[in-house]
Amino acid sequence: MGKALLASDGYLPTQPPKQKRLALVYRSTLLALLLAGAVVLGYSLGHSHWPSPASGFSRPSSFTRNRRLTTNANKCQDLSKLCPRVDSIFPNDTTRDLESTLDEIRSPKYVNHLAELLGQAVRIRTDVSDGAGAVGADPLWGKMSSFTSWLGGAFPLIHKELLLEFVNTYGVLYTWTGTDPSLKPILLMGHYDTVLVAPETVDTWTYPPFSGHLDDEGYLWGRGSADDKSQVVAILESIEKLLQANFKPRRTVVVAFGFDEEIGGERGAKNLGLKLHERYGDNGIALVIDEGSAMVTEFGTKFMAVSVTEKGMANQRITVRTPGGHSAIPPPHTGIGIMAELITEIENHPYQIRLAKENPFYNLLACGAAYSKDFPEQVKHHIENGDREALGKDIAQISRAFEAQVRTTLAVTRIKGGVKVNALPESVTAEINYRIRMGSTSAEITRATEDLASKVAKKYGLQLIAYPNNATYPPSSITLEFDFLREPAPVTPHRIDKSTPYRLIAGTTRHVLGEDFVVIPSLNNGNTDTFWYWKVSENLFRYAPMPSARENIHTVNERISMKVYVRMVEWFFTFIRNADEADFEAGADRNRNQDVLQG
């Protein structure tokens, strides 16, 4: 055996000689007696100041409390290790043209140019509505050609240098072929359709909803200014500027824009995804960046949230069918009354709160605990001790936004029934939108609604038909159906201990947007077109890289700050170059400043 190392070196020392062992025994015995006396004295003093157990309140001795705290401390996790940070990543290769173009993007004059581009895009109406028909059959889609035609004049270098294909007439697909075919391409995507503007709200807009107006404070107003023409224009403008600077990529860059994302993507992204899967195969694309989360401020800290997954979604249709007749001789409850009771039951039975292990929302909490001064101590305690059950319950009390991260949510959004005020309704329909939490499935919804509906059906003598395979419905019944169903998305890998797509996104973000931001993998509550690209890449990100939240999307006064928006162009301009130097296939890259920081 080799000689024993000292305990301070991290190894156990050899056993001491017999005389020394006896001395240690004597000293240990004396220390134990002194300690026991101190415990008794401490208990007596402490006991005299606190009510007895008989009074209904007891408090442990300071020794017991300290020992308990010590035990808990030993179990606590190092918060900085739960939230590792990536240093800035910026391109290693540069030229005078690239630097001068970057200076142009950062100049005050450029903001006006970008505002004019985005304003033009907003002024072209591309709003879509539920129930639209097929491309070629429904005249709704004809207006999309105005936008695709505009692209050619707005981005002339792109239309000169890149391959442009149209998929299902209005799906836009650009390919910027790289010089190294061994490198997987990157895919940048978005959609140029928008939600409708409700006619009754037009007069409540500060500026007309399709005006693309730039106000004196630097905000550009209009439907699509934030969702999602801003990202479409930013991607194209960044490539236009790279072409202007004579940049030639090694890695192929693919750009895809859908035209019906707001109603599911069945015509646009679905066909684009099939086309790319046919071309590149399973996991043939290195990474995908679509619209998604942006800056969030929580606990006094600014986070850039990069969504690495998204909740599932289901649209449920419930129909109550009852006999008709004259309203002068009504039953105790009409179909509308029965539906109201069922909806009330559904709303009064919220789904389970659970912070699943795969839920990346935990990252925001861990990073908040590590870096935010205003972080709740009780929540921090749960994180330190790894108590996810208590953590989920406590954070659900902080805000509705936090609650939505750990619970399947439901919203009754549409209801219709009856045709005349003096006629009993024969059919009443309600539609409910669900967002399915991470760690759950649609089965959670089917079980719950079937159970509640069966009780109401039994009460009123109606037949329950749950999720039928045919469209034959008896006249006295309650029917449950799904019009749309999508399970929670797979979680994109987000390691940072080697060159990964997530690490590159995080490093680019800190370089372009600032070192003060804490970049975190996150959960997207909404749904995006990325569903149609699950097969082409395991690295799917939903991210709007700008240091501000997107304002008033899907509602009145949608707008975007141009001072903030210009950073998105700079981000894509930098990211494409960073991705060109990264070697995801080998797990290494040539970018500068890429060390992992702890804390």
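Every residue gets a Cβ built from N, Cα and C, even glycine.
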TrEMBL annotation, Zn(2+) 1 site containing Glu262, His554 - matching residue among Asp216, Asp227, Asp516: Asp227
Which of Asp127, Asp130, Asp290 belongs with His191, Asp227 in the Zn(2+) 2 site listed by TrEMBL: Asp290
CB within-chain contacts under 8 A for Glu261 (active site, proton acceptor), separation at least 6: His191, Asp193, Asp228, Gly268, Ala269, Thr528, Asp529
Residues near Asp290 (Zn(2+) 2 binding site) in space but at least six apart in sequence (CB under 8 A): Met189, Gly190, Thr528, Asp529, Thr530, Tyr533, Leu540, Phe541, Arg542, Tyr543
Averaged pLDDT score, the domain 'Peptidase M20 dimerisation' (309-460): 97
Sparsest Cβ surroundings (other CB atoms within 10 Å) among the recorded positions Asp193, Asp227, Glu262: Glu262
Distance [Cα-Cα, Å, rounded] between His554 (Zn(2+) 1 binding site) and Asp227 (Zn(2+) 2 binding site): 8
